[in-house]
Ligand SMILES: O=P(O)(O)OC[C@H]1O[C@H](OP(=O)(O)OP(=O)(O)O)[C@H](O)[C@@H]1O
Ligand SMILES: O=c1cc[nH]c(=O)[nH]1
Ligand SMILES: [Mg+2]
């Protein structure tokens, strides 16, 4: 079982605090989500394999490390996860993008799936599933179940804010999945929202409320 990685870099803390602010508007919110995703991707790719190749500098020729060419995919959980894709692609432009559409039923808080389109060779790719919020953990657990059913074997989950309940459920359902979060919050409220959280991430990214 892998311990969740709560990333506490000062840049992340600063940006997540601004994200939480009720006075942060849609444009800045979207920019912050993308920047946070990029910083999180930097941390989550620490274990990527490298290989040595010969490179000629203007001074001499020597061996240097480059990525060993592991195939990657990023899969946002719609809608809110879309906000994190650009940040990941800024660092890994060769990653393929899959999409999984889920919304959380407001009464049962259980996920309802409405879309899934993944790269055909998903079973050969290391997958980063992204969604800003891990609340009850239902959406992330269900999304990862669907992605595994289609053949993916190595999966990391990147969220900006996690609740302890979500971490537990995702851990229990998929103990092999490494969880990366920029912040671990206190709890959920009676509507399943993360406290203190940032409200509804999808609505804040797309300006739908
Ligand atoms: O851990 P959970 O309890 O499942 O909650 C987290 C989910 O809720 C939000 O999506 P939402 O249902 O609001 O859909 P949206 O992204 O389309 O707004 C969020 O982006 C996660 O996908
Ligand atoms: O706090 C929460 C919980 C679920 N989904 C969100 O967007 N925010
Ligand atoms: Mg939402």
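Even glycines carry a Cβ here, placed using N, Cα and C.
Remember, predicted model here, so these are calculated numbers, not experimental data.
Here's what TrEMBL has on this protein:
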{"type": "BINDING", "residues": "79, 104, 131, 132, 133, 134, 135, 136, 137, 138, 139, 200", "note": "5-phospho-alpha-D-ribose 1-diphosphate binding site"}
{"type": "BINDING", "residues": "194, 199, 200, 201", "note": "uracil binding site"}
{"type": "DOMAIN", "residues": "7-208", "note": "domain 'Phosphoribosyltransferase'"}
How long is the line from the C-alpha of residue 135 (5-phospho-alpha-D-ribose 1-diphosphate binding site) to the C-alpha of residue 194 (uracil binding site), rounded to the nearest angstrom?
6
Output: those binding-site residues from 133, 139, 200 whose CB lies less than 6 Å from an atom of ligand 3, in sequence order; none if no residue fits.
200
Relative to ligand 1, which of the binding-site residues 79, 139, 199, 201 have a Cβ found under 6 Å from one of its atoms?
79, 139, 201
Considering the binding-site residues 131, 200, which residue's Cβ sits among the greatest number of other Cβ atoms within 10 Å?
131
Using DSSP and collapsing to three states, where does residue 201 (uracil binding site) fall: helix, strand or coil?
helix
I'd like the Cβ neighbour count for residue 79 (5-phospho-alpha-D-ribose 1-diphosphate binding site), meaning other Cβ atoms within 10 Å of its Cβ, all protein chains included.
17
Of all the binding-site residues given, namely 194, 200, 201, which is spatially nearest to residue 79 (5-phospho-alpha-D-ribose 1-diphosphate binding site) at the Cα level?
201
